[in-house]
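Only one structure is covered here, and it is reproduced in the block below.
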């Protein structure tokens, strides 16, 4: 009897990784005969990927690990499975392997230990400049607030503040951290669900630029806190568009719910209703998606003005701009990392920061000009798009295990404990010492923890690996540090590389750090 894995069971009951789901999906297609003419799982892989993606027939693929590159697109070195060259991330090639600002990646791991996060300071500053540069001929004021949850490294957050970026925080800890780092309250936005009476009082007392009320019940909560403190606090309401996250997040525009919530908020004298917040959540990859999202928000601004006489002064359009060089993995995609992947073509089609900003500014400015009303100050909350490509995770091969059938397993010193996001996203992985070698072999990249789920990449082609070799996981500046934990192993250190200068900004975790909060472990046994 062929195995069947209903999506609801796979996701909600088992709560397992997308990558494992993809593996099961591949086997399911083989078992149910939906891949006719397939003799083995290895033969099925390229056929399934091409059939389901609609890019061609099974015979079109010559190898399960070939790279489809568009005409005129980047051509990877022979034998390398990556469809983008290292230069995409500012890396160069020298005798010692891949380098960043003249420093070989393997030498950084030698000096600072492995695994290691490396922050590229110059690229961080360049990304900030790109977000802050309003297109010529436009007068709309746009301010940038970084999503702290994306990469909560104090040294990175402080540098962003120094570059003129505000803080978008979603918890009392993040608010405390922003203030601790010297961010002025007038450059802080507080978002997020689950505000308690104590949090509401803290927000009112902090005199932030804006507190966004996530759902209707928070209106009375914050209004009461402000009234008790004898203050009037600036707020906005988070609304949910037709294609944004909802339920836990925001008040739906549909059905008049958001309009009714604004009417209620305006009835409280202790609230100064000046803002509107909309965050799509789902990645914005193209111009059409951006235009639809912004149009729905602007139409709601018109409704607020027409029905309630409210002119929105602070229009917060959130974040969600996709990182072009990162692809999502989901249950419908079959193992993207084990099939022909036209990443170069996907990258070319995705919105750049410049294009995103130009389209957004044009749409907002033109809308309010046609309406004959002053344009609001626009607030953006980039996370992934600001820091994703500014960080690299370096890790090393601890051991190799060739089971005989299938790819050899390379056991790395980094796993799901610090790179869990790789279960859901495709990130480029380079061999730091021998990228571009003519020879390549197929590997499964496993983490070091004693868990069968600890697999970072099921199938990847790399130059022949040896114990001690260094691998570089790209685009590690979004949700890797955030989701890191001390499962079985200490967390890695973080180094900032800026104009050739290396600065350790977070030391590696020690065993003592791992038990420092455990009172019993720090008491002498009786």
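Each Cβ is built from the backbone N, Cα and C atoms, and glycine gets one as well.
Annotated features in TrEMBL:
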REGION    35-87  region 'Disordered'
COMPBIAS  58-80  compositional bias 'Low complexity'
DOMAIN    125-387  domain 'Orn/DAP/Arg decarboxylase 2 N-terminal'
ACT_SITE  450  active site, proton donor
For residue 450 (active site, proton donor): DSSP state (helix, strand, coil):
coil
Model confidence over the domain 'Orn/DAP/Arg decarboxylase 2 N-terminal' (125-387), averaged pLDDT:
93
Could you list the residues of the same chain, at least six apart in sequence, whose Cβ is under 8 A from the Cβ of residue 450 (active site, proton donor)?
488
